[in-house]
């Protein structure tokens with residue numbers, strides 16, 4: 001049932017965010033630059049909110065934590081609906097509302113992932129997180145596809161759909177099993193989290209930098225491209241591409257995860273970043289040949305299927321602290337990358353320079369791939385992930 005909840009909660013966010021800038025511009029009357037700033041705040045809050053509230057999260061049983069956060073998603077969506085219906089066009093008000101929407105989604109996601117990591121053993125983490133990725137991306141693909149057809153005809157009622165999805169997800173939490181927090185991880189301040197930080201500080205920082213770089217490329221398709229494509233093509237095309245990405249993940253995630261186990265972790269980082277970087281590079285040529293967009297989807301989604309569960313499992317492995325904190329910090333880094341890419345990309349699009357955004361995404365991913373490749377060649381954990389030599393020594 002946790003995967004069904006993950007589907008609904010992902011759909012609640014993914015229904016709205018790809019078209020948030022367009023909706024704010026056409027319905028709320030914000031300028032393109034103001035709408036871009038509002039979206040940036042929403043993305044930052046979506047990725048950093050759980051980190052800000054992790055102490056409160058640690059005091060609540062996980063089932064209730066998930067339910068309360070999903071109710072918060074529904075409430076924040078209802079506030080945006082009311083604001084749009086009453087003609088609110090103040091940028092500051094929308095920043096507050098979008099931040100609240102992102103914040104509640106952030107707490108919801110981390111609560112769900114922490115629940116999954118808590119329930120399953122460490123050697124199962126990459127597998128079960130692959131299932132989580134399937135559920136999340138199913139919602140992230142189907143919801144934008146439906147949203148693309150509803151965007152133009154629903155006006156301010158567009159915000160009612162994430163409200164409904166949030167309510168459905170909250171109701172589904174009633175079937176979850178009781179899952180208390182691990183007190184040994186929460187209360188043992190120096191034995192786990194702090195000691196891991198002191199001994200693995202370099203590895204943690206290097207690993208998070210690689211996460212940041214990969215997500216810069218990932219964000220080009222999921223956060224920057226929708227605005228570019230709606231203006232150049234149509235919202236229906238964006239929805240179709242998101243649905244295609246969802247379908248690929250639903251069908252291929254388990255196979256990709258199983259097949260990638262035969263390749264070392266570092267080579268997986270190389271391959272995934274080359275795929276995402278290649279997809280970003282092709283985005284820059286999509287204006288001349290629309291058919292390349294389907295290859296873009298295949299490349300970026302393949303890279304995501306490889307690196308997503310890997311990065312999450314490695315975060316728990318490298319930093320053995322409170323799992324909600326570990327996942328929140330990693331998600332915060334992802335959000336910082338996505339927000340930076342989204343705000344920069346939307347501003348470049350407003351100035352007719354979308355090509356620069358896509359090429360920067362490609363460049364950063366290629367640099368990340370080179371870093372992982374150098375770790376393989378020199379057998380040093382430059383990016384924070386163990387080399388084959390380190391694994392052999394530890395065994």
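Including glycine, each Cβ sits where the backbone N, Cα and C put it.
All TrEMBL annotations are machine predictions without curation.
What TrEMBL records for 20-45, 66-86, 92-117, 129-150, 204-225, 237-259, 266-286, 292-313, 325-349, 355-378 is transmembrane segment.
When each of the listed stretches 20-45, 66-86, 266-286, 292-313 is scored by C-beta pairs under 8 angstroms to the transmembrane segment (129-150), 292-313 comes out highest. If you look at the transmembrane segment (355-378), the same-chain residues 6 or more away from its ends with a CB under 8 A from one of its CBs are 210, 213-214, 216-217, 219-220, 224-225, 264, 266-267, 269-270, 273-274, 276-278, 280-281, 283-284, 303, 341, 344-345, 348-349, 385, 387.
Taking pairs at least six residues apart, the transmembrane segment (237-259) and the transmembrane segment (20-45) share fewer than three Cβ pairs below 8 Å and do not count as touching. Of the candidate ranges 92-117, 266-286, 292-313, 92-117 contributes the most Cβ pairs within a distance under 8 Å of the transmembrane segment (325-349). If you look at the transmembrane segment (20-45), the same-chain residues 6 or more away from its ends with a CB under 8 A from one of its CBs are 83-84, 87-89, 91, 94-95, 98-103, 106, 151, 155-156, 158-159, 223, 227, 230, 235, 335-336, 338-339, 342-343, 346-347, 350.
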